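What TrEMBL records for this protein:
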- B:Asp37: active site, nucleophile (ACT_SITE)
- B:Asp39: active site, proton donor (ACT_SITE)
- B:Asp37, B:Asp39, B:Asp262: Mg(2+) binding site (BINDING)
- B:Lys237: substrate binding site (BINDING)
Number of protein chains: 2
Amino acid sequence: MQAIKSLVAASPGPQYLTGDKASIDAFIDKFDVFLFDCDGVLWSGDHLFARIPETIAMLREKGKQLVFVTNNSTKSRGDYKKKFDSMGIAAKEEEVFGSSYSAAIYIARIMKLEAPKNKVYVLGESGVEQELESEKVPYCGGTDPLLRRDMMPEDFKNVANGSLLDDNVAIVLTGLDYHPSYLKYALGMAYIRRGAKFLATNIDSTLPSAGSLFPGAGSTSAPLIKATGQEPLALGKPSQAMMDAIEGKFQFDRKKACMIGDRLNTDIQFGIEGGLGGTLCVLTGVSKKEEFLAAGAEVVPSAYVDELGDLLG
Amino acid sequence: MQAIKSLVAASPGPQYLTGDKASIDAFIDKFDVFLFDCDGVLWSGDHLFARIPETIAMLREKGKQLVFVTNNSTKSRGDYKKKFDSMGIAAKEEEVFGSSYSAAIYIARIMKLEAPKNKVYVLGESGVEQELESEKVPYCGGTDPLLRRDMMPEDFKNVANGSLLDDNVAIVLTGLDYHPSYLKYALGMAYIRRGAKFLATNIDSTLPSAGSLFPGAGSTSAPLIKATGQEPLALGKPSQAMMDAIEGKFQFDRKKACMIGDRLNTDIQFGIEGGLGGTLCVLTGVSKKEEFLAAGAEVVPSAYVDELGDLLG
């Protein structure tokens, strides 16, 4: 019995905070910085969860630094700021860190390809384009309406002979694309086969919305992965390229930072692999508590609550 | 030396037939039935390879049974017959066996779901629809122009609450879809999450056309695989469900049959796993001879030619 108790004490499992005011206060006090996932934590699609503005305000009153870390690639930081405004949550654009921004930073500041051979072929929405523009990275594809059309017989020839391709494209970057087309996939495949570097803002399998799950950004890269046999370098959570960029921008002690999210295999893994002081899982999104409470669970948060608003006690 | 020679004699590797008239005749004489892949063997897209009509005519003159086995799901057998006509190749509709037909047979004759809960949600082109009709299987989706539109905010709600879903759908069937849309993927994902059986006409990674490679039917199922975590049952080559259906229809001795194709991991594997008497690889398509001549190659044909017309000697 003694041996078993010691073992349990050594691996206490995640702490359940909902309704336990003293434990909540002790947990919050341990951290200076909170990194938040947004979809599934603050809201689901257009549905704001209960007591979110108040919870955010409470953390600000305690002097915490807040960073909103999202894999949503369809929105730029500016778009996200508008979403926070419309939801009645106080947030600054500088506090938002999205996967499109992470990808733009990686391309502009890490890859640093020489112009003009530094163009990005985008499969994704305007959030990707805006963040590339903010880092002065040239791009094509994306929301170009000319690519939202049927594949014609001559397109096969013109992709094959290269006349539809831009010679300056050196990178294919995929994000969630609500407007897929066969022509877009064919161009992406052709660029990768020609040697373009294959990047993804993120490869989330699903997108939570309207209380259900929809295809995530991973569904945009999946056809290209199947067609080329290559895997993209993903720059959203749980990629540590994103954590490095966040730390570079906000300058904090990782041991005094906590990642809050709804997905074990992106958010919580992101915080654990990043060596943060803690991780908090909320049960308003993708992952269920059975997944991390199960014996042998691979990704286990430090603590969990039913919903973020429970932090108000 | 003697030991090595014996070993070589026991595993002679594939026989190269081009330019060797005596070996070609001996090879052809071994078989009563030739199963042909089409794309990459007879033609690439709209480009007919040299001496194809004459080669087909020569085999017919020798009294061979010919079966055209194609994973191309966008065309029905009737469509294929028209393609043969336009290419100047003599062929009968009954000689064509496509992956859409294979899928329709599997659904109608093997699954045999009871009406009305036997509807198929199609992600693919009219070839799939026509073959389902030929087997009297009800379907939705497919070429429905109402699904070729942008995903609207209310679509998320209506997919989530089920009002956009057809209660009779019990199967999701994917083929190559030249008209992908986020709404189509969202519906397919919702049906699979609700318990629909996930089938694919085929999961070819690439489609040869215009002398290059384009995304194949596998690119249609890939987003759903990523989003649901489920793999489809593929009914085209190399699935032996297709071989069983072909044998059931044409009634032949497998040892007297030869599969001719350009892809090791679909055509040649299909023939080997089906226990056919021989396999012939042509080098006008996807696979290169280096792949099967390499030491340790997993899928090795009995013989190969540079192009099918070389069988004329």
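Keep in mind that glycine also has a Cβ here, set from the backbone N, Cα and C atoms.
Annotated features, which come from TrEMBL, shown on the structure.
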| residue | record | CB count, 10 Å |
| --- | --- | --- |
| B:Asp37 | active site, nucleophile | 26 |
| B:Asp39 | active site, proton donor | 21 |
| B:Lys237 | substrate binding site | 29 |
| B:Asp262 | Mg(2+) binding site | 24 |
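A Cα-Cα distance of 8 Å separates the residue listed as 'active site, proton donor' from B:Asp262 (Mg(2+) binding site). Those residues of the chain, other than B:Asp37, B:Asp39, B:Asp262, with a C-beta within 8 angstroms of the mean position of the Mg(2+) site C-beta atoms are B:Cys38, B:Gly40, B:Val41, B:Leu42, B:Thr70, B:Pro208, B:Gly261, B:Arg263, B:Asp267, B:Val282, B:Gly285, B:Val286. The two recorded residues the residue listed as 'substrate binding site' and B:Asp262 (Mg(2+) binding site) have their Cα atoms spaced 12 Å from each other. You'll find the Cα of B:Asp262 (Mg(2+) binding site) roughly 7 Å from the Cα of B:Asp37 (active site, nucleophile).
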